[in-house]
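*Asks:* Reproduced below are the annotations present in TrEMBL:
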type     : residues : note
COMPBIAS : 1-17     : compositional bias 'Basic and acidic residues'
DOMAIN   : 345-401  : domain 'MIR'
DOMAIN   : 410-466  : domain 'MIR'
DOMAIN   : 471-528  : domain 'MIR'
REGION   : 1-60     : region 'Disordered'
TRANSMEM : 123-141  : transmembrane segment
TRANSMEM : 153-174  : transmembrane segment
TRANSMEM : 205-224  : transmembrane segment
TRANSMEM : 236-269  : transmembrane segment
TRANSMEM : 290-315  : transmembrane segment
TRANSMEM : 603-626  : transmembrane segment
TRANSMEM : 647-664  : transmembrane segment
TRANSMEM : 670-692  : transmembrane segment
TRANSMEM : 713-731  : transmembrane segment
Amino acid sequence: MAKEECNSQWHKPRDPFAVRNRKVFPSPEQTHKSLITPESKNKQGDNTFPSNGSSADFPARRRVDSSNTLLLIVVTGLSFATRLYKITEPPHVCWDETHFGKMGSYYINRTFFFDVHPPLGKMLIALAGYMTGYDGTFPFVKPGDKYEHHNYWGMRGFCAVLGSFLPVFAYLIVQELSQSHTAAIITATLLIFDTGCITISQYILLDPILMFFIMAAVLSMVKFNQQSYRPFTAPWWLWLILCGGALACALGVKFVGLFVILLVGLNTVKDLWRILGDLSLSLIDVAKHFLARVAGLILLPLFLYVTIFAVHFVLLNKSGPGDGFFSSTFQSRLIGNNLYNVSMPEYLAYGSTITVKNLRIAGGYLHSHWHLYPEGVGAKQQQVTAYLHKDHNNMWLVRKPDNDTQSGSPDLVRHGDIIRLEHKETTRNLHSHLHQAPLTKKHFQVTGYGLNGTGDTNDLWQVEVCGGRKGDLVKVLRSKVRFLHRATGCVLYSSGKSLPKWGWEQVEVTCSPYLKETPSSQWNIEDHINPRLPNISLSLLKPNFLEILLESHIVMIRGNSGLKPKDNEMNSKPWHWPINYQGLRFSGVNETEYRVYLLGNPVVWWINLASLGLYLIVVALASVVIQRGISPQQKRIEHSDVLRGGGGLLLLGWLLHYVPFYVMGRVLYYHHYFPAMLFSSMLTGVTLDILLRNADLLLRQPYSDWLHRGGQMVLLFTILYSFHLFHPLSYGMTGPLAHEPGSAMAGLKWMDSWEF
């Protein structure tokens, strides 16, 4: 009967304060509702008001609102103070500033470059630099370079401001999920005084920008969930749109944004399932809810994400260091590139002089030079390599097998034709045989052989247009071509491996016996010179926006998967991260240098790790109690709802932002854990708050209250004191190292793997 009254009351119009502050006692079935529902709003709060809406309630409400506002101001002030303190120190390039600062300069100069991440973060860094007087002239060559007179503080300050919002967003998220100021304060304290979060926010990096949008998306999602009792109102639409926008921006900074998209997607599916089960709603109402979410969480983010790339392509319209990573047709749209607005024959013909470009990332141009392979490396014949830059040694002549000269209009090369490629500078033919390749031992060696067009049958290659049929013409720039060696049946291949110094550290070219089509075995004709053929303007061959958008994503994905650890490079492992096993040097190595070391406050991180275990234990016990039909106090039911609802959401967020790294093949670094650390800290706030509020399970009054308040004070003091000990990691260390006497960090190297 009580449940029926609650449900009938739910559909009645009511005073907004009454809805906001009403207290509901759910039945056991209601404990399994969606993550956060209007029924649970404020029921776990530290401050609960009567729902009769009487004027006597307003002074109490005003006191709590003012108290909440004051707490939020304190959290915001402390967060900004800890992030902006010593923002200009050290006055030199630190760690990955050499990459992202340089990319900001490229945007200001409108110079095209390549990066494995989407462009939004770098565009925002460039905008911040431009707005604060940075002119884009600092080269960002290597860490340690002095900034001198260049205005770098604007870019650092922008990242620090976004990083300062992380504790604020976490405070608001936890407050909404738990309706507890104490849980929110614990969470904010953990993040404000974490040395790792401070350090990663103070430099020109993508991480604070990424985490800002991740947290903005989660906050918007939680706020949107809280509006479910008044759908299609202005606040409901506002939080839905803000959530969709934040998702687009998170993905626009790094592909890691996919994890928060998955989190919001799972929450949305659960929400729609709840709506489908609400029999008071018609199917038309259900359809409206579904379409609204499609518009706000799919179509809007997709539109914004594509718009980010449209702006990116418009801004970067000049040829730059990123040209070689992209196809020839892509390069033809860049001002200053040798393919920009030039004319050349459209179809490949015999007698043409060409350059041949491999389609893998950094695959290079087919290249040869007078140098021979050294003794013991296959046949001692002329080297054939792939070279990443434009060069006259990249030019090749297309010949018929019999070397007949042509008069009149030249014959066009077609799919299935047999050709020879003669190196223009040295007149040697592209050649392969059964000798091992220099580095890729299961492949065959490719050399330059013969002289002035003479050679043997190992110089013959069959042209294959990918996806083509016999007789199809080879289109300049647009056709993907493979060269099959007639004698051995292998295919011309760029391995991507750098040759030793005898090969001038150029890229190895082999003949692969594995005939599967891959970018490494695919080539396209870039430069094409033949005075006996009519020219067309390459502007006619320029790709459209969707083509360059697709290509840029293919190149980014390949680039990400190709990020492998280099020789002697420290490759962090995911299991290292939660235990704070090892940090990263941001600046300095020896005692004479200004040293900054990225390492989370070990007390904060180990509290987070312990809280993950505590959370699982407490939820398991609460679930057993409910399953056994034991009737706990109303307070315990409310706490269980918070742990399984809001806590479950945060645990899911942590898992989605952490577990996928175990299956990634790319090189990993410590800083990849920080988005997951945000969710872990929020879960810690919720878990510890509920544990302390249930002290009366151990002690009777007033001792339980003393334990509750005493536990809060001990936790706060421990975090503050640990920050006092480890703050030099963030704000800079000079003088002796930690293991030396007289060091400011003496006795604080608690793990041998820490390198400060």
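Backbone N, Cα and C define each Cβ position, glycine as well.
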*Asks:* Where among 236-269, 603-626, 670-692 do we find the most Cβ pairs under 8 Å to the transmembrane segment (153-174)?
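*Replies:* By Cβ pairs under 8 Å, 670-692 leads among 236-269, 603-626, 670-692.
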*Asks:* Counting only pairs at least 6 apart in sequence, do the transmembrane segment (670-692) and the transmembrane segment (290-315) share 3+ Cβ pairs under 8 Å?
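*Replies:* No; fewer than 3 Cβ pairs under 8 Å.
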*Asks:* Between the transmembrane segment (290-315) and the transmembrane segment (713-731), do 3 or more CB pairs sit under 8 angstroms, pairs being 6 or more residues apart?
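*Replies:* The transmembrane segment (290-315) and the transmembrane segment (713-731): touching, no.
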*Asks:* Give me the DSSP three-state residue breakdown of the domain 'MIR' (410-466), ordered helix, strand, coil.
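*Replies:* Taking the domain 'MIR' (410-466) as a whole: 3 helix, 29 strand, 25 coil.
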*Asks:* Looking only at residues six or more beyond either end of the transmembrane segment (290-315), which have a C-beta under 8 A from one in the stretch?
*Replies:* 107, 110, 118-120, 123, 232, 237, 240-241, 243-245, 247-249, 251-252, 261, 264-265, 268, 272, 545, 548-549, 552
*Asks:* As a test of reading the model: what is the averaged pLDDT for the domain 'MIR' (471-528)?
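*Replies:* Computed over the domain 'MIR' (471-528), the mean pLDDT is 92 on the 0 to 100 scale.
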